[in-house]
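Now, the feature entries from TrEMBL:
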type: SIGNAL; residues: 1-19; note: signal peptide
type: DOMAIN; residues: 38-118; note: domain 'Inhibitor I9'
type: DOMAIN; residues: 153-640; note: domain 'Peptidase S8/S53'
type: ACT_SITE; residues: Asp162; note: active site, charge relay system
type: REGION; residues: 221-245; note: region 'Disordered'
type: COMPBIAS; residues: 227-236; note: compositional bias 'Basic and acidic residues'
type: ACT_SITE; residues: His235; note: active site, charge relay system
type: DOMAIN; residues: 425-494; note: domain 'PA'
type: ACT_SITE; residues: Ser581; note: active site, charge relay system
type: DOMAIN; residues: 688-789; note: domain 'Subtilisin-like protease fibronectin type-III'
Amino acid sequence: MNTSLLLLLLLLLPLLASCVDTKSLVHVFDWFAYYWQVYVVYLRHNDDSAERTLHEIEEHHLSYLFSVKQFEEEARSSLLYSYKHSMNGFAALLTVDEASQLSDMKEVVMVIPSQEREYSLHTTRSWEFIGLDEELKPTQLHKEDLLLKSQYGKDVIVGVMDSGVWPESESFNDRGMGPIPLSWKGVCQTGPTFKKSHCNRKLIGARYYLKGYEARYGHLNTTNDSRSPRDMDGHGTHTASTVGGRGVPNVSALGGFSSGTAFGGAPLARLAIYKVCWPVPGKGKEEGNTCLFEDMLAAFDDAIRDGVHILSISIGSTKPINYTQDGLALGALQATKNNILVVCSGGNEGPAPSTVVNTAPWILTVAASSIDRTFVAPVQLGNGKKIKGQSATPYKLPRRKMYQLVYAADVVNADVPKTYIAGQCLPGSLSSKKAKGKIVFCLRGNGTRVGKGMEVKRAGGIGYILGNSPANGAELTVDAHVLPATAVASEDAIEILKYLNSTRTSRAYIYPGRTVLQTKPAPLMAAFSSRGPSAVSPEILKPDIAAPGLNILAAWTEGNSPTKIESDHRRVKYNILSGTSMACPHVAAAAALLKAIHPDWSSAAIKSALVTSAGLLNNEGKQITDASGNQADAFQFGSGHFRPAKAADPGLIYDASYTDYILFLCSHGDLRAKTPSLCPKTTPSTQNLNYPSFGFPKLNGRVTVRRTVTNVGGKGGVYFATVEPPSGVSVKVSPPIMHFKHVGEKKSFELTVEAKKDRQVGTLKNSMYSFGWLTWSDGIHIVRSPIAVSSV
């Protein structure tokens, strides 16, 4: 394509955005991106880069563009970001030929194209459930209480990379907080709806990143979102308040559900907001959003310079990506180099195996579990049976009587095919003539849960029952439905279908929902939570840990409805949401508390402390189960359910450095394939990374791995190893006893795993995993690591 034409198009972008309707604009940019798209260019690290000013670094990056662009103005206009703190590189609009020319240059490590919609967001009582109760006064707390020891996370800075923040929320008030830490170097970026005064001593910084988004989609539609850090989605406000929200009494979700005091896990931590996620043009917010590679790298770049200690990122790719192609993993690696712990959600693609994302070993990957709170809304059937259900809808049926119950597939419009989809209440599918005044039973599957209820309401239905599929089991995600509604487990959904098929006069009544505490068993693993093994590195056991992610109450934006659906005009200050997105900030908050207690610990040390101290039992004293009641395993919860109080004094830690991770990348092949000159001739096995868990995929014969632990539990101690071997496998530890004389002392051990020659058929089936545990204990501390093994 003619270079002059490209320059002209670039200059016309704002005009195109203002003159073309959204759908047409998307087509324009799809055509435009065919010729010119965003690439991230990684350059070799220069020893003199630290001596250069920021302007000099940017000019150096521009020199590469000058070499492939015909005009200087075009080169400058094409530069989106110059990364100065996280890496040596830049993001720019390039043609395929220009990207190829750059990749051939000696100084260029790699050139990566940004992928459309490569990343998206992973969509109170939880803190009390795991043992942190901010409502207690300091005089009521034991001196060893984690909140008291950590001073509530005082002055730890947590960066939240998400969809922005609603700064007016009471969860972000700064009453009683001291001056902003001197280490903070960030800014409060303004915009049309965001002023400097919106930042305070709690919300100490806020930034937004649009260049990559607008290069792909054109000018932001400001009727859907704000060109500022302001959150018009809700997700970012929810996660930020879960991490570090102040205690706010007498709050609840719509309809009064989950009433009480809402607070974050580290209520005196400082929050820094990095808005990188935006609406997808032509789609509703309830259908998701996009967070672009180059925008996230820019946020990482700023977060490193700003001085954050912990990064909470409830974002992930739609599927696992190799590390050197994964912008989030690459940004997190540079954050780790600067001793910033990056905590990420594991994804919501469960219960299928190998769906977990954010699997890089330098990331703390979090799965989602339930807490001991339910929102009971039973269904009474006409045959006398009462079915358990849950709901957070504020509406109830007009009269206490039985209403006609119909199956969605039986009341669809004539043009809707009678397939399994007919029963899913998809938009426009139901017949108003057939559904009016009735309770409609719909199945989960395609479409959104709230959207199905809106379709029932559109068709004149008076109520709505949502039946789980077998994959969802007994996991019940509650929603602020727009009509009387409840959700039922898969077994109960089958019971309702049997009842519907047994009579021509089916009837039902939906009881109004109510909040019930101390339910059992809890926690259980959410069905939606993505599972291991890692598709990228199965020898690195992922996810790492589990935390509450089902039906979590936290602050919400007043710029969007609780359902995110455009036609829903309700507004709330607090909302219930589910996803590994909600689990991630729980662990980020726990990490902030540990950072406050142990400011000299590395990011790997904090991660190790959380992982090796996790629990395996529910509130009935039994093994944690999945949503169907089956015993859960390490590919669902990693090392177990997080226990922050135990993590404060873990006894031993598995430490690792940036160099260790680089060697891992070289051994893994990603880095060696891209830049062999950066890797030594020989590197340790990826299984020898000093990780607090063990993965042995495709075990054939005997494998021995080495680990090093550091004593942080006291001046002296003797630790004994105990092993629960995976089925069909023998495990030996050498040495089985370790003596420590002082804090900080390091000792190494070897773990040898061997498939038993005489194992019974089926104990370790081909490609199937079995699980075990290695535990070190001195009688006070329990340092537990999961072991996952599969045979060839």
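Just so it is clear, glycine is given a Cβ too, placed from its N, Cα and C backbone atoms.
TrEMBL does not curate its annotations; it predicts them automatically.
Between the C-alpha atoms of Asp162 (active site, charge relay system) and Ser581 (active site, charge relay system), the distance comes to 10 Å.
Packing against the compositional bias 'Basic and acidic residues' (227-236) from elsewhere in the chain are residues 121, 123, 160, 162-167, 189-194, 206-208, 210, 220, 273, 275, 277, 279, 285, 289, 314, 556-557, 559-560, 562, 564, 575, 577, 581: each is 6 or more residues past its ends and has a CB under 8 Å from a CB in it. Rounded to a whole number, the distance between the Cα atoms of His235 (active site, charge relay system) and Ser581 (active site, charge relay system) is 8 Å.
If you take every residue in the domain 'PA' (425-494) and average the pLDDT, you get 94.
Around Ser581 (active site, charge relay system), a 10 Å sphere centred on its CB holds 30 further CB atoms from the protein chains shown. Residue counts for the domain 'Subtilisin-like protease fibronectin type-III' (688-789) under DSSP (helix as H, G, I; strand as E, B; rest coil) come to 1 helix, 62 strand, 39 coil.
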